[in-house]
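Some features that TrEMBL has for this protein:
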TRANSMEM  50-74  transmembrane segment
DOMAIN    141-341  domain 'ABC transmembrane type-1'
TRANSMEM  145-166  transmembrane segment
TRANSMEM  187-209  transmembrane segment
TRANSMEM  215-234  transmembrane segment
TRANSMEM  276-298  transmembrane segment
TRANSMEM  318-341  transmembrane segment
Amino acid sequence: MSIDTHYVAEFKAGAAEAKPNASTPKSDGGALVSGITRAAKARILARRTLWQLGGALIVLWAAITLAFFAIHFAPGDTASMLLGQDNRNDPALRAQAIERWGLDKPVWEQYIGYLTGVLRGDLGESYVLRRPVAEVLGEQLLPTIQLALAATVLALLIAFVAALVTSGRGGLLRSLWRGGELVLVSLPPFWFGILLLAVFSFNLGWFPVSGAGSFAALVLPAFAMAVPTGAYLGQVFREGAERSLEAPYSVTARSRGLGEWRLCTHHSLRHGSLPVVTLTGLTVGGMLGGAVITEKVFGRPGIGQVAVAAVNEKDIPVILGVAILATAVFVVATTTADLILTALDPRLRQTTSGGTEK
């Protein structure tokens, strides 16, 4: 038996062992138990998936409801904003605007109408641009997705390298890196972005100051968002990996002659990545929110620019559309991360709301 095969056997020894029924013939008892186990796992995964999807729909509905009522009860006169400074005192135009946009209806009726439209994929029409909100957001969605995904991938890469270099190590390297992590985690992305612009764009001229038409224009904004997040994920990654290095199965693997480097790269980092998977779902949602400020700093087109303009102009349909989009991305990311974690971690597959697999 190879070292890796023995390690896997030792690691799985802690799981609950399935026992075949005494009445089952020995020739096919193992296959029967294996089939039952696979069926139980499939049921658990299906049940967990349905539970997550149901929770995601509830969260999305709650976010839409809170955003709708918070915006509609905020100070300000929507009709006056729609008419502008010159026409807001004209009674005829004011009555026409109120009737067109349904502002004379009770708030609950406006809410039901808006919620029904959202279910049909209709986010309404922008008060300012006089265009469908879905169309306005769709035009600016791609640059924001590019930035959020690039920053997430870069943050995970930073976290992996940091955990790989520092896990299980002591001395000066670990102390310096941990001190650096504390500094990087506390960096505000917008301040870090301004610093990157000052050094690499204004002084060195290596990257463009603004825009989104090339890969070079994506580098600095992605770094500004990824470095603080990557430093935090690196801390979580390293702590999980070091707990794995001290676990009984790691001691057993060492006694069998498995080297520290192989133990770290093949086993401890894998187990240390489980909490990072969960945090990655939260990170993707947070990246979308961070993109609002980062896009403003770097002059990039995207949802951030649309959101800022909509807030300044009190364009309620666009503000609600941005809130729904951000919530949907967050819910999808966290749900996907939870399902991936369930697939990777056998302990979650062995546990249900009523007990363990049978």
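Glycine residues also receive a Cβ, built from the backbone N, Cα and C atoms like all the rest.
Annotations in TrEMBL come from automatic prediction, not curation.
The largest share of C-beta pairs under 8 angstroms with the transmembrane segment (318-341) comes from 50-74, of the ranges 50-74, 145-166, 187-209.
Outside the transmembrane segment (215-234), and at least 6 residues removed from its termini, the chain residues within Cβ reach (under 8 Å) are 146-148, 150-152, 154-163, 180-181, 184-190, 192-193, 196-197, 200-201, 207-208, 276, 279-280, 283, 286-287, 290-291, 294-295, 297-298, 300.
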